[in-house]
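Residues or ranges marked as domain 'Protein kinase' by TrEMBL: A:13-298. Among the features that TrEMBL reports, ATP binding site is placed at A:V19, A:G20, A:E21, A:G22, A:T23, A:Y24, A:A25, A:V26, A:V27, A:K42. Per TrEMBL, the feature active site, proton acceptor maps to A:D137. If you look up TrEMBL, you'll see A:299-332 marked as region 'Disordered'.
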Amino acid sequence: MTTGNSGSPISRYTKDRKVGEGTYAVVYLGKQVNNDRKIAIKEIKTGLFKDGLDMSAIREVKYLQELHHINVIELIDVFTAHNTNNLNLVLEFLPGDLEVLIKNTSVVFKPSDIKSWLLMTLRGIHHCHRNFILHRDLKPNNLLLSPTGELKIADFGLARAMGNPNEDLTSNVVTRWYRAPELLFGAKHYVEAVDMWSIGIIFAELMLRTPYLPGKDDLDQVDVTFRALGTPTEQNWPNVSNLPLYNALKVYPPPSRQELRNRFSAATDTALNLLCSLTELNPGKRCTSTQALLHEYFTESPAPTLPSELPKNDVAGGDSDDDEPENKRRKV
Amino acid sequence: MSASDGPIPHVSQSGAKTGSQQQHPPSSKAPPPIVAVTQVSRPFFTSSELKYLLQQTIPESKKVLYSQKKHQVFQFVFQLIKTVKFPLRVLATTMNYYQRYFLFNKWEESTSSGTNGTTGTPTSVQEAHELIIKQHERDPFVIAMSCLLLASKNEDCIKKLKDIQVVGNKLRDIDDQDSKGLYLDFQRKAILNIEFKILQVIKFDFLNGSTMNTSVDQLLVQFCKKLGIDYIHTMYSWLVSFDIMSTPLCLMIPSHCIAVAIIIITLNVKPKDIVHKFNRGEQQLSSHDLNVILESLDCYSQFRCPETLVNEGIIYVLDYYVHNMNYSILNEYMPAIDADTGKEQIFKFMDLKSRFNDLKILDEASCSERDMLRQDYYLKPWDYSLSAKGCSRFMLGNKRARFELELQFEQEYKKKKVSEVSSV
């Protein structure tokens, strides 16, 4: 067996700075010595905990080793280093994320910018879905931005392969605000549609510049979600009442078109159409990544902004070495 | 990592052989040399490679003992996953890891790990504890629990290690309740040590040859459905897959190829009179129907299975039944004498084997000689202390690329044949 990279130059990595520490990993920034490429090293503590190698580390390695796409974070290397049993994951370094940008009110988003970010997110998730992988934790904080403006989906710690027909999945996934109604109802069987919902909510957040459905707790999330989008009924979602947590619901009517227009005053009618089909309550009717990518929204004017021309965070200033504060916030 | 600054000397070595253990040459300026190794995962082995590896880890005289113990251990794991309600694919992955572990680790007959009767006399308490942990690490049942732990994590079934331990020890009638919880603690440490060893044996490759659904039994049922095979023949295939699950076939060819191989055997055997309780009313397919399905089945275009790999699977499964029919689970569900032939069931497999004698299987020319195998760095015993001394880098194997190459040749060959025929 010959190696695919035989003859490749010696690659070394430096660990320059610790930028974050979580329960099971420490994140360092560094460089790939031979080409000065910036990288992030996630050092995973093994053996320290009572249950061995953390499951999210397994998932991250398992899925990122397989997925290679411009809109998915690249796992460059996996290695164990001397003196420890720790596992090091070398990831490409991405200085910004969408959440920081959304919160930065000094940056103006043009409709074409939003279109570009949404397009890149959909391309990334389409690649996951066509490889039968569910991400299960999409949120602006996990959509990272490269120095050239490319958006990349990161954090595969909750990802998993699509379930088998007779298998129960846990409904306790996805950060609360981005959780699809079937998950709120405790569904044990779900598909790619949970990721599509999250993307719909992120789309709304990009337009509103504030979280669309910010529930205070799991119960409140149900209320906030259905107050905004209407309570699902047997009519628009057959058999919904059989889901475990479908009970004691306050019935809200679905929002009228005019209400939605008022809510998203800057959105075109086509943009609203896409938003509605991404946030369709019934997961069976929600649009897939393929349908979303083929949506008229992406062909109508204005064309999506080129990644390199997308707005960036000014706070970081010219020297990208200073954007450490953003990274610190990121959960490990 | 103690020092957060300073370079991590890390080498992706450029030798043509991978999986090798190469010393990085010390340069004049550099601090003391650090061992750096690239590890490429290899999910599948040829039968001669397997034979060679097992010769290194299990002495000839202990082969029988090893398989007896393996059988016991697998029975134990089966009970264990039933108790904690894990799906069958966790069992399959556990068995895969267990068998893979003993390709690279010496199999030692262990005394019961429950006793503290160590041979050496420890000089300190800590040493005594380490001896106990070491003893646990030799226990095949503890190794199996470690395989189960990693398999359950890889298969997305979450259970606390302690719960697995408690259930496992109860099944083995081991009293693990002491006042300080010492037994469980030592056992846990041993399990985690073994887990890290398994991770190195699999080279941190959690895909095992496919991104999704590597469980033969599930693939098989889906394939049968796609082919329109009825309940009773699906059931027969499933029983075969259950028998085969505990064999090393999973280390040789990918699961979808195993599934197709089993289906082809089922369609050839055309079993009748399976003892079963369900779907009695369902109309059974006639042998003509089965032949039609068999004729139309195309391993590659329908299931992406290279034909040579499927053939490899067919031969293995037939061999298995020719030698083990009486001990198989399938045997319990079949009448002793086949109604059609009036002979014992085993003759069907023997007959099939003689008919399939000329099937084209994998060419092992590159790995049939001991001398060649000895040159393969991957097959060298793995030094676990290496990761403590230096860096090891883990990469996915490119075995699938090899399969694709084989396919390409096959297709080119077919095209050539077609053009030859048409030119005539």
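Note: Cβ is positioned from N, Cα and C throughout, glycine not excepted.
Note that this is a predicted model, so its numbers are computed, not measured.
Positions of the features from TrEMBL, shown on the structure.
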residue: A:V19; record: ATP binding site; DSSP class: strand
residue: A:A25; record: ATP binding site; DSSP class: strand
residue: A:D137; record: active site, proton acceptor; DSSP class: coil
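Using a 10 Å Cβ-Cβ cutoff, A:D137 (active site, proton acceptor) registers 22 neighbours.
Averaged across the domain 'Protein kinase' (A:13-298), pLDDT in this predicted model comes to 91.
Counting in whole angstrom, A:D137 (active site, proton acceptor) lies 20 from A:V27 (ATP binding site) by their C-alpha atoms.
With a 10 A radius on its CB, A:T23 (ATP binding site) counts 9 other CB atoms from all the protein chains. When every Cα pair among A:V19, A:G20, A:E21, A:G22, A:T23, A:Y24, A:A25, A:V26, A:V27, A:K42 is compared, the largest distance found for this ATP site is 14 Å.
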